[in-house]
Amino acid sequence: MGDRGTTNHSEVTDFILVGFRVRPELHILLFLIFLLVYAMVLLGNAGMVAVIMTDPRLNTPMYFFLGNLSFVDLFYSSVIAPKALINFWSESKSISFAGCVTQFFLFALFIVTEGFLLAAMAYDRFIAICNPLLYSVQMSTRLCSQLVAGSYFCGCISSVLQTSMTFTLSFCASRTIDHFYCDTRPLQRLSCSDIFINKMVSFSLASVITLPIIMVIIVSYLYIVSTVLKTRSSEGRKKAFSTCSSHLGVVSVLYGAVFFMYLTPDRFPELSKVASLCYTLVTPMLNPLIYSLRNKDVKEALKKFLEKKNTIL
């Protein structure tokens, strides 16, 4: 084991991102699909942030969280998509060691931050529906800012730990990453170090992060469903379920893809890539659509925003 660990990771200057193992003639099609989806991610999330920031009617805790969610979606997709698009045309498909570390760090930061933001949004909906008279007091501007800042802080701490654990491994087996971005499992497969402790720490860290988030969301929605079912007004029930179904749709798509990827055996790397594609590009593309199409306030604000732009032009 000592001989295998003699090659230090600092000797690795770059990695090769394999991407999707498809026939060369399909690269153009995949490039166009990636480009279209990424363009929709940019347009949808940047538009959502702009609408929320410019419309006073959306100056509420729910839209404050939604604006931050769109910001996070926009940036963690931008960490992955541009390099993936370039690699469709590049023969080398290389990424520098520093570039790989940066990509890994930023993606880990934003994806964990998104999880905590979704938990904060579930708590916000719980207070709004179960304690509406105390909503403005309990969901104060200060608390909302603290929840968002805490989400970024937890994302940063988690990212630092994951990045330091992964890139202190010795990479002496190969430089070829069987993925379209730098991720934990493909990098671990390249290591000639003993990764048992690394895997245990990664699993523990993922559990510490994921379980509280899921518990907050589940408990919040159990109370929400219980309260909504007691509501006599059918219009009130419809409005509450409409708002909550958007959030649940986002949570389901994100965590469904994450769990599918990490539960897929290593012998099926292409399935892991498809699942990764779902939460790196598809979910950020769908989030603005889910919230805008199912939310009357957002649709009206977007219409007003577009009319103002047309007037200026």
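Every residue, even glycine, has its Cβ placed from backbone N, Cα and C.
Note that the structure is a prediction, hence the values are computed from the model and not measured.
Listed features, source TrEMBL:
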DOMAIN    44-291  domain 'G-protein coupled receptors family 1 profile'
TRANSMEM  28-51  transmembrane segment
TRANSMEM  63-81  transmembrane segment
TRANSMEM  101-123  transmembrane segment
TRANSMEM  143-161  transmembrane segment
TRANSMEM  203-229  transmembrane segment
TRANSMEM  241-262  transmembrane segment
TRANSMEM  274-293  transmembrane segment
Worksheet item: Per the 3+ Cβ pairs under 8 Å rule, pairs at least 6 apart in sequence, do the transmembrane segment (241-262) and the transmembrane segment (101-123) touch?
Response: yes
Fill in: Arithmetic mean of per-residue pLDDT over the domain 'G-protein coupled receptors family 1 profile' (44-291)
88
